[in-house]
Amino acid sequence: MRKQERVSSLQMSMLFLFFMTGSSIVIVPAPLTNIAGNGAWISLLIASTMGMILLSGILYLNRRAPDLSLVEQSRSVLGNIPTLLLLIPFTCVLFWNIAGIVLEIGTFFKSTMLKETPTYAVNSMFFVTIALTALAGIEVIARMATLFFTLMFGCIVLVWVLVAGLYHPEYLLPVMPDGIRPILNAAYVVYGFPYSELVVFSIILPFVKSEDKPKLSKHMYLALIVNAITLIVSVLSSIMVLGPLSGDLKYSLYQLARLIYFQEIIERIESVIGFALIIGFYFKASILMLILIKTLKDLLGLKNERLIALPVAFICLLLSVTTYTKEAELEELVNLTWPLLNNLAYALPFLLILGGTFIRFHLKRGNKQPL
Amino acid sequence: MPGKFITVLLLASAMLAHDLPKFKKARARDRLVYGAFLVPLLYLAFIFVTARSWPNLDSIFNVLRGPAQQFIHWLNPVNS
């Protein structure tokens, strides 16, 4: 968050991969297989293609104005008042997005490991950590990501490998027993979470070192492909192990970890895997907090954005304990309203800014200078 | 309720202890924004501690439930 902070394109793509995979690896497989059944992997392919299109949009904007965030680009293309009108809902949804991730962590802990602990105690501890991480800045987060990336993805691969003995490839068939409609429905859900959320990443892309900018596109696309592959393999392994039950059991990867039994040496390792998976939630929430603080700084013209970090984190904490406190309500929001909300609050302003930039740069022939 | 109240009190004290020295040195605009953030914070803290079902962000989000349901029905009539 300090002015001189810069990260390499590889670090930025690692943050992006964490952002995209972090919480979705735990949450997405179950509702996806519940709706689309064995065709869940097709839904993921459709949604990740949509994500790829959005990513190409944010990379296009970044190429046009490498040093400007989405807010500054909006100001430059649309003007001050439209920027405020478009980005106030964007910011409100961003506030809840962070709260929602921690709400999911709280629910995950409540139903798996810390059954007697009040959710607000878990959420408070998380928000203290998230706020301190965001205060440390993007460089520190990027350096931490290198270490935690190995831990989290190592544990995911470990689960895939250690449950290999329980795989029943025949469970994968038939692929589309109910036709294409459930697959499209599941694609809508997974597009809402996490793919349409990637738009907010355009706020922190200017942090990439200028000498690394040419490699950024390649690294970001690669990160999105790795994310899609990770989610697809997780969905496939959960279907191959749990069969028709995979849609009914929440936190599929954690459920798979519970089944690990290897020569009486490796068993009951689900808590270790659970904590490794929590890293993803923590990272995603920290990156989002950083994005929110940067958005507020640009939007409100703040000089010292570090001053508002703690009140912002506190508001997010209070949102996480006062909204959607019932699990069923949260599930309904994620599966029903969240994709539409994201489209209106995140994708729509982004597409308007993208359209404005495109018109300004390509159609007004005499105006080819950078924004 | 006492647990919630103590949690809010502890976090608020920690926040103010951390922010007050910076607040004193901050620009007027930054101070104004900080003060403005305290309004929703106090409102949410009150809702949380007293467990009231007053308007919140979810009330706004729930407005979109109807249109989202219609879209899902159009996409997959069986599931809706």
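Cβ from N, Cα, C; glycine included.
Features of the protein shown, as given by TrEMBL:
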TRANSMEM  A:12-32  transmembrane segment
TRANSMEM  A:38-62  transmembrane segment
TRANSMEM  A:83-108  transmembrane segment
TRANSMEM  A:120-138  transmembrane segment
TRANSMEM  A:145-168  transmembrane segment
TRANSMEM  A:188-208  transmembrane segment
TRANSMEM  A:220-243  transmembrane segment
TRANSMEM  A:272-293  transmembrane segment
TRANSMEM  A:305-324  transmembrane segment
TRANSMEM  A:344-363  transmembrane segment
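When Cβ distances are compared across the two stretches, the transmembrane segment (A:120-138) makes no contact with the transmembrane segment (A:220-243), since fewer than 3 pairs at least 6 residues apart fall below 8 angstroms. Only pairs six or more apart in sequence are counted, and the transmembrane segment (A:305-324) with the transmembrane segment (A:38-62) gives fewer than three Cβ pairs under 8 Å, not enough to call it a contact. By the Cβ criterion (distance under 8 Å, sequence gap of 6 or more), the transmembrane segment (A:272-293) is counted as touching the transmembrane segment (A:145-168), at least 3 such pairs being found. Here the transmembrane segment (A:83-108) has long-range neighbours at 22-23, 26-27, 71, 74-75, 119-120, 122-123, 126-127, 130, 197, 200, 251, 254, 274, 278, 281-282, 284-285, 288-289, 291-292, 295-296, 299, 312, 315-317, 319-320, 323-324, 327, 330, 333-334, 341-342, 344-346, 348-349, 352-353, meaning same-chain residues at least 6 beyond its ends whose C-beta is under 8 angstroms from one of its own.
Away from its own ends, the transmembrane segment (A:38-62) comes close to residues 20, 29, 32, 70, 73, 171-177, 182-184, 186-187, 189-191, 194-196, 198-199, 201-202, 205-206, 213, 216-217, 220-221, 224, 227-228, 231-232, 235-236, 239, 347, 350-351, 353-354, 357-358 of its chain (Cβ-Cβ under 8 Å, at least six residues beyond either end).
Long-range contacts of the transmembrane segment (A:220-243) within the same chain: residues 9, 12-14, 16-17, 20-21, 24-25, 28-30, 32-33, 38, 40-41, 44-45, 48, 51-52, 55, 59, 153, 156, 159-160, 163, 166-169, 171-172, 190, 198, 249, 252-253, 255-256, 259, each at least 6 residues beyond the stretch ends and with a Cβ under 8 Å from a Cβ of the stretch. Proximity of distant same-chain residues to the transmembrane segment (A:145-168), defined by a Cβ-Cβ separation under 8 Å and at least 6 residues beyond the stretch ends, is recorded for 11, 14-15, 17-18, 21, 25, 230, 233-234, 237, 240-241, 243, 253, 256-257, 259-260, 262, 266, 272-273, 276-277, 279-280, 283.
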